[in-house]
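I am attaching a structure below and will ask some questions about it afterwards.
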Amino acid sequence: MSASKATMLILFALFLSDILLVSIPRAEAQLIVPCKTSEQCKSIRCSNGSAQCVNKQCQCPSLKQIYSVTDVSCKTVSDCVASHQCPTGLSACIEGKCICLP
């Protein structure tokens with residue numbers, strides 16, 4: 001009886017560790033504030049500089065893109081590494097496109 005409990009505990013631990021690996025976020029959260037002029041963005045506090053009105057949304061200059069999508073199609077990460085579009089070891093294949101990670 002205790003062997004089956006130990007087995008169930010091990011299986012549950014493996015299941016839990018798998019869930020934690022899958023739930024890695026892909027993007028940073030952003031506050032979207034509509035605007036027509038940069039004057040309307042003065043109330044937004046940015047960590048580096050002041051917010052500007054870009055494409056009718058207030059944006060901080062310190063926000064950076066998490067990754068850049070390339071035009072290279074892929075099936076695996078090896079396809080991305082072979083394309084030499086990203087620094088070594090900083091590429092991934094997501095939804096059939098190579099992306100460069102920061």
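Cβ coordinates are placed from backbone N, Cα and C, and glycine is handled just like the others.
Per Swiss-Prot, the feature disulfide bond maps to Cys35-Cys53, Cys41-Cys58, Cys46-Cys60, Cys74-Cys93, Cys80-Cys98, Cys86-Cys100. Per Swiss-Prot, the feature signal peptide maps to 1-29.
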Taking Cα atoms as reference points, rank the disulfide-bonded residues Cys46, Cys86, Cys93, Cys100 by distance from Cys58 (disulfide bond) and give the first.
Cys46
Cys41 (disulfide bond): which of the disulfide-bonded residues Cys53, Cys74, Cys86, Cys98 have a C-alpha within 10 angstroms of it?
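Checking Cα-Cα distances against Cys41 (disulfide bond), the disulfide-bonded residues within 10 Å turn out to be Cys53.
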Roughly how many angstrom lie between the C-alpha atoms of Cys86 (disulfide bond) and Cys80 (disulfide bond)?
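Cys86 (disulfide bond) and Cys80 (disulfide bond) have their Cα atoms 8 Å apart.
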Between C-alpha atoms, which of these disulfide-bonded residues comes nearest to Cys98 (disulfide bond): Cys35, Cys53, Cys60, Cys74?
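Answer for the nearest of the disulfide-bonded residues: Cys74.
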Compile a sequence-ordered list of residues in the same chain as Cys74 (disulfide bond), six or more apart from it, whose Cβ lies below 8 A from its Cβ; state 'none' when nothing qualifies.
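For Cys74 (disulfide bond), the qualifying residues are Cys80, Ser83, Cys93, Gly96, Lys97, Cys98.
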